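Data first, discussion second: the structure below is written as structure tokens.
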Amino acid sequence: MDAVAVEPVRSSAVGLPAQLRDLGHQSYGPVWRAMQRFTDARDERTADEVWVVEHAPVFTLGQAGKPEHVLAPGDIPVLQVDRGGQVTYHGPGQLVVYPLLDLRRLKIGVRDYVCKIEQALIGMLDEWNIVAERRDGAPGVYVGGAKIAALGIRVRRGCTFHGLSLNVDMDLEPFHRINPCGYQGLQVTSVLDLGGPSGMDAVKAVLLEQLARQFGLVLQPASALPDLSLPA
């Protein structure tokens, strides 16, 4: 995956600085542990960060996840994780964004945080005339009843980790091996299937711009990756 352009991604007004890190292609586990370490170590002086990544194939079960919603995982690993929500799939061709934000600094609550992420996704899809919507009680973004983006977050001491996944140009077959987000028979779709671009960079740029606008951030690309080592 190509690196994000070096120019800062700005909101429409002067905003709070946040480090933007493009992790490329990574397994889920090391990134998850790195998010935990970052969140545990941060304090009120720590700058916010936004991480973008494509994961190797994996099913993740959130805190509300039920094993029976994993129908036939086959050769794809299943991980129990500490985010909210139920079961979802991550894989190549899916854009995953982890906003590591201090909600107290942004002066917003958890509900507003979720709504702003959903609105950023809706605004991004509108760039390609894809009409999307949110659903009460079912976080994420939907197009014509099919889910195109999933949300699963965790808030610790007022700071967020985990985040969103957007199906861009990917093999959707693994979603048939689960009840996505705990809903039997829930249909899923992708940006490409709805007439949008297949290129990850085009989608990434617009989504980051929308997220920066929603949260009032100035995203400053950082070349260094977080420590992705797993604990012994």
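Every residue, even glycine, has its Cβ placed from backbone N, Cα and C.
The active site, acyl-thioester intermediate annotation in Swiss-Prot covers Cys181 and is backed by sequence analysis. The substrate binding site annotation in Swiss-Prot covers Arg83, Gly84, Gly85, Gln86, Val87, Thr88, Tyr89, His90, Ala150, Leu151, Gly152, Gly163, Leu164, Ser165, and the record cites sequence analysis as its basis. Sequence annotations record features per position, and here Swiss-Prot assigns domain 'BPL/LPL catalytic' to 44-219 based on sequence analysis. Residues or ranges marked as site 'Lowers pKa of active site Cys' by Swiss-Prot: Lys147.
Overlay of Swiss-Prot feature records on the structure.
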residue : record                                   : CB count, 10 Å
Arg83   : substrate binding site                   : 21
Gly85   : substrate binding site                   : 22
Val87   : substrate binding site                   : 29
Tyr89   : substrate binding site                   : 27
Lys147  : site 'Lowers pKa of active site Cys'     : 21
Ala150  : substrate binding site                   : 25
Gly152  : substrate binding site                   : 24
Leu164  : substrate binding site                   : 24
Cys181  : active site, acyl-thioester intermediate : 23
Rounded distance in angstrom between the Cα atoms of Gly85 (substrate binding site) and Cys181 (active site, acyl-thioester intermediate): 7
Predicted model, mean pLDDT over the domain 'BPL/LPL catalytic' (44-219): 95
For Leu164 (substrate binding site), the three-state class that DSSP assigns: strand
Inter-residue Cα distance where the pair is Val87 (substrate binding site) and the residue listed as 'active site, acyl-thioester intermediate', in Å: 5
Integer Å distance between the CA atoms belonging to Lys147 (site 'Lowers pKa of active site Cys') and Tyr89 (substrate binding site): 12
